[in-house]
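> According to Swiss-Prot, the record shows the following:
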{"type": "MOD_RES", "residues": "Met143", "note": "methionine sulfoxide"}
{"type": "REGION", "residues": "158-168", "note": "region 'LDL and other lipoprotein receptors binding'"}
{"type": "REGION", "residues": "210-290", "note": "region 'Lipid-binding and lipoprotein association'"}
{"type": "REGION", "residues": "266-317", "note": "region 'Homooligomerization'"}
{"type": "REGION", "residues": "278-290", "note": "region 'Specificity for association with VLDL'"}
{"type": "REPEAT", "residues": "80-101", "note": "repeat '1'"}
{"type": "REPEAT", "residues": "102-123", "note": "repeat '2'"}
{"type": "REPEAT", "residues": "124-145", "note": "repeat '3'"}
{"type": "REPEAT", "residues": "146-167", "note": "repeat '4'"}
{"type": "REPEAT", "residues": "168-189", "note": "repeat '5'"}
{"type": "REPEAT", "residues": "190-211", "note": "repeat '6'"}
{"type": "REPEAT", "residues": "212-233", "note": "repeat '7'"}
{"type": "REPEAT", "residues": "234-255", "note": "repeat '8'"}
Amino acid sequence: MKVLWVALVITLLAGCQAEEVKPAPEPEVQLGQEWPGWQGSQPWEQALGRFWDYLRWVQTLSDQVQEELLSTQVIQELTVLMDETMKEVKAYREELEEQLGPVAQETQARVSKELQAAQARLASDMQDVRGRLAQYRSEVQAMMGHTTDELRDRLASHLRKLRKRLLRDAEDLQKRLAVYRAGALEGSERSVSAIRERLGPLVEQGRARAATVGTLASQTLRERAEAWHQKLRGRVEEMGTQARDHLEEMREQLDEVRAKVEEQGTQMRLQAEAFQARLKSWFEPLVEDMQRQWAGLVEKVQLAMATSSTSAPSENH
């Protein structure tokens, strides 16, 4: 068991040292593309995907609607999604720690510290995204009446960089949690194997003793030894069955958590669609009214120009 956790710690420390090396320049990734290579199925991974999907949906809206939403709505929605993601990460980490069982306290504390550091980096990346949108909103408000194309380009560039960093740290956390979970499952299996190894010699001793008693004693002693042997073997099988049932229960709990997250994802998607429909119903009358006012203004200007052109020759005469 200790050898397993020593190997686990070496793996995590090697990952930390690898992070200190500066990575090679990454190719540019457009915000509209999907997460490359992201195959997450855990609740926290799906929550993180919903965070970025919502941000990409906001960027597909028109300029006027987007600037109106950035006043309060988008920042609040991103905050809720960010909190949901970090909550799922924390819940998944605590669940793995419960499955870990009794191990060396120093080793468990070191591994837990590494996971908390990776979790903190992911939270910092998401806060940077939210802060960049808040800064963009302030700059847009300060430049009312001027072109905001430069600000939008700067925002897109910053979000691309933040997205790369967010993806890198999310993959790092995903790998660490996978190693952590593998260690927990392997530790449980090793515990079952250790029990079988300890009881195996006892079973063999029981068989040998039963054979010896059978040759030296009566048939009654032989039957009692055989009964003891059967009882001991039944106990070993029962302990093995309990261990397998425990592993199966753990898998069922993970499936239940995954189903709940999928249900939440469906609800959020329906809420987003309803919200989009409300936006459309709000702004379509406004746009139509502006078009009518503009058409009336153009008509008045044309009429005024026609009047001035007819009055000018009469004044010359």
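Cβ coordinates come from backbone N, Cα and C, glycine included.
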> Residue counts in helix (H, G, I), strand (E, B) and coil for the repeat '8' (234-255), per DSSP?
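Counting residues by DSSP class gives 22 helix, 0 strand, 0 coil.
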> If you average pLDDT over the region 'Lipid-binding and lipoprotein association' (210-290), what do you get?
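Averaged over the region 'Lipid-binding and lipoprotein association' (210-290), per-residue pLDDT gives 78.
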